[in-house]
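Chemist: Here it is, the structure, as structure tokens.
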Amino acid sequence: MAELTIPADLKPRDGRFGSGPSKVRPEQLQALAAAGDLFGTSHRQAPVKNLVGRVRDGIKQLFSVPEGYDVILGNGGSTAFWDAAAFGLIDKRSLHLTYGEFSAKFASAVAKNPFVGDPIVVKADPGSAPEPQSDPSVDVIAWAHNETSTGVAVPVQRPADSGDALIVIDATSGAGGLPVDIAQADAYYFAPQKNFAGDGGLWLAVVSPAALARIEAIGQSGRWVPDFLSLPIAVENSLKNQTYNTPAIGTLVLLADQLDWLNGNGGLDWAVKRTADSSQRLYSWAEASSYATPFVTDPALRSQVVGTIDFADDVDAAAVAKVLRANGIVDTEPYRKLGRNQLRVAMFAAVDPEDVSALTRCVDWVVERL
């Protein structure tokens, strides 16, 4: 099967459809080469601090960050931020919506933390999602804007009667590709390797005045927190355009260039229209197909940035992905733990909608010949 050769005129111009790490634009790599003078220099000095400032300013512009909100960052990616939030944003107890691997992982991290109460977990099966909701016993309400493992997107909207509870949104794969009103969240956190077309290892968060006050209060409470996961330390350094420990300069350069590209093309509105175009092409193809169907049955929950497409039992999705990979069309395999006969397609802002259409034509071509 792997010897099938897809005609060149059918193939996408860029065959990268991974859900993270994701496609990096060639211009970003040129920016990386042009930034050579920054490599091997101190992250406490002006050149690198200016780069961090450029990233923070770019995020503020992209998300039209309200007055009083700020952008903080640290090393370790969203995985590290789960623990940082458990230590530094939850006062007593949290509520988590879980509907896939990554939304469940934050809840699991909180459950293991000895300084906070057992979380309330509202669970839905993969492919669906619970309605955002509140509980009077919690001071943090958390869910994922986009569940990367399943292709389910849940809008960011404060639940009724949420009171003073902080709304903490995992936007790892949603930020920069899905619509959002940042004022509806208190901590909107993400990483660069999805819509921002960069490398991993960094977390960033847009935080509200209420979140900043909570961070300060917990920081002064005497709760033990490892310095690496300390949000007060992250805030202190971020306001100086620094990270607590040495960042990867290349990651920051790629991120800064992608932010410039997004903002230069029209900002979040432009990016959302682009991902909507890509996803409409993918889902329309699947709905018209004789062998493929969108895994997420409710169109309102279907993600614009990560599409999961189930195949009929008589079509081996793994075999299709293998042929695609052999032809330079890569990372369409499903999330490993989901265990479904499907393809998963990233449609982040850097992905050309025309390439999504080309991908669907290639899948049809391969399936006809298997």
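Heads up, the Cβ atoms here are built off N, Cα and C, so glycines get one too.
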Chemist: Please pick, from Thr79, Thr148, the residue that Swiss-Prot records in the pyridoxal 5'-phosphate site together with Phe102, Asp170, Gln193, Asn245, Thr246.
Modeler: Thr148
Chemist: Per residue, counting other C-beta atoms within 10 angstroms of the C-beta, which of the recorded positions Arg44, Lys194 reaches the highest number?
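Modeler: Selected residue: Lys194.
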Chemist: Looking only at C-alpha atoms, tell me how far Gln193 (pyridoxal 5'-phosphate binding site) is from Arg44 (L-glutamate binding site), rounded to the nearest Å.
Modeler: 24
Chemist: Does anything in the same chain, at least 6 positions from Asn245 (pyridoxal 5'-phosphate binding site), have a Cβ under 8 Å from its Cβ, and if so what?
Modeler: Asn75, Phe228
